[in-house]
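Working notes, structure below.
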Amino acid sequence: MSVIYLLITISIIIAIGFFIAFITAVKTGQYDDDYTPSVRMLFDDELLKPTKKEIKVEKKEENKLDV
Amino acid sequence: MDTQNCFHCGLDIVKEDEIIFDAKNFCCNGCKTVYEIFSLNDMTCYYDFEKSPGATPQDISGKYDFLDNESIVSKLLEFQENSTAIISLNIPHIHCSSCIWILENLQRLQKGISTSQVNFPEKKVRITYNPELVSIKNIVYLLSSIGYEPYISLENYETGANNVDRSLTYKLGVAFFCFGNIMLLSFPEYFEVKEFWLDHYRGFFRWLIFALAMPSFIYSANGYYVSAYKSIKTKMLNIDIPIALGIVVMFIRSAFDIIMDYGPGFFDSLTGLIFFMLLGKMFQIKTYSFLSFERDFKSYFPIAITKINADTSEESVPIYEVLKGDRLLIRNQELIPVDGILISEQAEIDYSFVTGEAVAITKKSGDKVFAGGKQIGKVIEMEVLHSVSQSYLTQLWSNDVFQKNVEQKHKTITDNISHYFTPILLLIAFVSFTYWIFIDATTAFNVFTAVLIVACPCALALTAPFTFGNVLRILGKQKFYLKNALVIEQLAKVDTIVFDKTGTITTNKKSNISYEGTTLSDEELLLIKNVLRASNHPLSRMLYDYLPLPILENISATLTKKMKVEYFEEITGKGIKSQIFGYTILIGSASFVEKLEDSSIQQTAVHIKIDGIYFGKFIFNNQYREGLEELFQTLSKQYKIKVLSGDNEGERSVLERLLPKGTELIFNQKPEQKLEFIKNLQEKGNNVMMVGDGLNDAGALAQSDIGISISENVNVFSPACDAILDANEFQKLNYFLKFSKNSITTIKMSFTLSLLYNVVGLTFAVTGNLLPLVAAIIMPLSTITIVSFVTVMSNYYSRKK
């Protein structure tokens with residue numbers, strides 16, 4: 001049943017992995033501003049809309065040229 | 001429907017100025033232009049996130065000319081290389097999600113900007129751009145044109161990469177990692193099952209726990225050892241001594257237990273304790289990153305100023321490079337950065353922020369002008385007398401109060417308790433040790449360590465951080481921003497309150513104007529208003545705004561058109577002489593209209609004379625804040641109240657009527673005198689709270705036990721202080737004081753509660769029955785009850801008005 005040594009070692013290693021991830025996240029400043037990202041996240045869809053429009057407009061212009 | 005709100009900025013629309021564009025209503029051309037910019041660039045979803053999120057762009061022509069100067073720009077930049085530069089700009093208007101969206105999409109409005117990122121809590125935007133394609137001046141102009149004018153002051157000069165202290169977050173992370181894993185690994189021990197496999201692996205589990213406890217013990221808790229050592233050195237028994245003692249004893253005892261195979265030790269309680277206490281520390285630190293409590297004149301001063309060279313060319317130079325003898329150009333609303341002599345014919349200088357005088361002062365050619373004043377009206381020229389550091393205003397900062405390190409000025413309530421707690425604890429430990437040593441030596445050691453472990457004042461130490469942390473948040477929501485938790489204790493101790501007058505109990509926004517004399521007809525009012533329109537004098541403009549609009553509507557349009565000013569002359573320091581519609585109108589000072597008046601009455605007034613007949617005067621009274629009278633009535637029951645003012649005695653009688661009897665009123669106070677006044681009060685044993693707003697109060701705010709600065713716009717400027725109060729919440733001051741007193745009561749109640757837990761724990765310990773399981777139950781249980789108790793209590797008190 002020495003598998004328990006293995007299992008616990010693995011679980012500790014995984015925990016340490018998460019711990020390192022946390023430390024690097026703090027180090028890169030991800031916890032400095034905890035408000036803006038929550039808002040920014042919601043913008044992505046809005047951003048796509050205008051670009052699509054632009055493409056459409058460009059296409060229309062191309063069509064006109066063709067005619 | 002009477003009023004409509006502007007689609008862009010949300011302000012009420014004045015019917016005459018309304019602009020309809022794209023089927024939307026705008027209050028002014030500025031707002032319309034911003035909308036046009038956005039709609040041209042397909043960015044109108046700016047208006048989808050928030051209703052009317054914008055601000056009207058201000059006129060900034062010439063204001064940012066200094067950004068052409070390479071050396072100034074390089075001081076502002078965070079990073080610079082050939083084709084990449086990064087700058088962080090402070091934008092006070094950032095307030096909603098629309099702001100974030102538009103500022104993060106700047107690259108669509110301006111070529112050359114690659115990315116921009118908003119930091120909402122700090123109200124900053126970080127822009128990465130290509131200096132070869134776009135200059136920083138263009139970016140600033142773009143931001144200003146869409147209503148997001150950045151705030152650039154001397155404070156921004158030399159902004160290096162600021163180091164953020166994140167050690168507490170790391171410590172908390174380590175502590176939680178250790179605590180969580182140890183708790184899981186300790187489970188088999190809690191059940192004490194006599195099972196083969198568990199017994200077999202017990203050693204492995206214990207040694208693993210031991211190893212896991214090491215980082216928490218050595219790294220996370222090291223702040224407590226340092227603090228305990230310092231407090232022993234200074235002979236001030238603070239709460240960290242019993243904590244550090246408890247932690248160390250707990251560690252030694254547990255290590256001993258594991259090494260000698262006596263038992264599992266207390267590592268679960270140990271790491272839990274460290275984790276909870278660090279959590280409390282974290283909770284207590286509530287920072288308002290968009291505010292600064294350490295500001296001095298630097299954040300009020302501009303970064304550069306326009307210098308006129310000998311060959312009459314204009315040039316922007318950094319403030320620090322301004323030398324004696326230089327000629328400077330000061331525009332409307334610009335700040336005079338140094339002492340000097342006025343060269344232009346006349347200037348209107350608003351010193352309200354610096355000296356506390358409410359009304360702008362007229363200076364003539366050759367007069368001395370002092371740093372800190374704001375020019376109102378035309379462009380002026382001046383010659384420099386002193387450099388920035390030698391100016392009258394900046395010398396205030398060389399006072400001792402600003403040099404002192406004020407860190408450990410007061411003993412906290414927790415430290416007071418521990419003053420008694422630590423000796424008693426040690427006494428109990430030694431008494432029980434001597435008692436048991438005669439019975440059984442091993443038990444004696446066990447009891448001794450158990451006492452120190454269980455009495456470790458975890459709950460006691462957590463009480464204050466959690467209460468104060470919660471109170472800080474509650475007050476912050478009500479726009480009363482405290483520097484740190486210590487301020488709450490100070491607030492509760494205050495017995496004397498000193499108020500500044502101008503800007504603190506009066507508003508800067510508008511003066512209250514009253515009229516004395518023969519009643520003026522509508523027609524005459526119209527005449528006066530038309531004359532005033534041409535004048536640039538601050539009083540004229542205030543009066544112009546005050547005179548009601550309807551009078552214009554009552555009189556037919558044809559008549560209004562006829563009323564052309566035929567002759568107009570403004571005489572410096574005296575008044576206006578003008579001819580309109582056949583009338584000769586004199587508006588100005590008493591001597592100007594040849595009215596004999598008792599000169600002992602000091603008030604600001606404008607006299608009116610039409611066709612040689614004296615009519616009366618418009619008196620400019622200070623506009624006191626709403627609810628001032630009630631606030632002073634309630635405050636005067638518990639506190640001594642004093643009013644200090646840099647202004648003249650003109651308002652004495654009004655104040656005496658308004659304020660409760662016994663309020664001391666002192667006028668004509670210079671900044672240093674204010675500081676001395678506070679010092680004198682403190683020497684008499686009073687705990688003084690100073691409420692002020694301007695640079696002239698800066699010394700008094702620093703000297704007082706607690707300095708509160710009142711600010712109309714908390715983002716822009718407030719002098720160094722302990723707390724910043726939004727001006728609109730001024731009347732709540734009494735509630736804030738009461739609340740802080742109640743929070744101290746909460747802490748005292750909670751202390752009693754946690755001492756009860758200690759008594760229970762100690763009875764286990766003294767009798768030699770402290771099992772690791774008991775410790776593991778008592779410790780979190782007491783923590784949870786204390787934390788929930790203080791949270792509930794402080795929320796309950798916050799609702800009590």
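Backbone N, Cα and C atoms are what each Cβ position is placed from, and that goes for glycine too.
Model, not experiment: these values are computed from the prediction.
Some features that TrEMBL has for this protein:
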- B:85-151: domain 'HMA' (DOMAIN)
- B:168-187: transmembrane segment (TRANSMEM)
- B:207-225: transmembrane segment (TRANSMEM)
- B:237-256: transmembrane segment (TRANSMEM)
- B:420-439: transmembrane segment (TRANSMEM)
- B:445-472: transmembrane segment (TRANSMEM)
- B:747-767: transmembrane segment (TRANSMEM)
- B:773-797: transmembrane segment (TRANSMEM)
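Sequence-distant contacts of the transmembrane segment (B:237-256), counting only residues of its own chain at least 6 positions beyond either end whose CB sits under 8 Å from a CB of the stretch, comprise 210, 213, 217, 221, 224-225, 227-228, 231, 262, 265-267, 269-270, 273-274, 277, 414-415, 417-419, 421-423, 425, 449, 452-453, 455-458, 460-461. Sequence-distant contacts of the transmembrane segment (B:168-187) (same chain, at least 6 residues past either end, Cβ-Cβ under 8 Å): 205, 208-209, 212-213, 215-216, 219-221, 223, 264, 267-268, 271-272, 274-275, 278-279, 281-282, 285, 776. Beyond the transmembrane segment (B:773-797), the same-chain residues lying 6 or more positions past its ends with a Cβ under 8 Å from any Cβ of the stretch are 186, 190, 266, 268-269, 272-273, 276, 453-454, 458-459, 462-463, 466-467, 470-471, 474, 739, 742-743, 745-747, 749-750, 753-754, 757, 760-761, 764. According to DSSP, the domain 'HMA' (B:85-151) comprises 21 helix, 19 strand, 27 coil.
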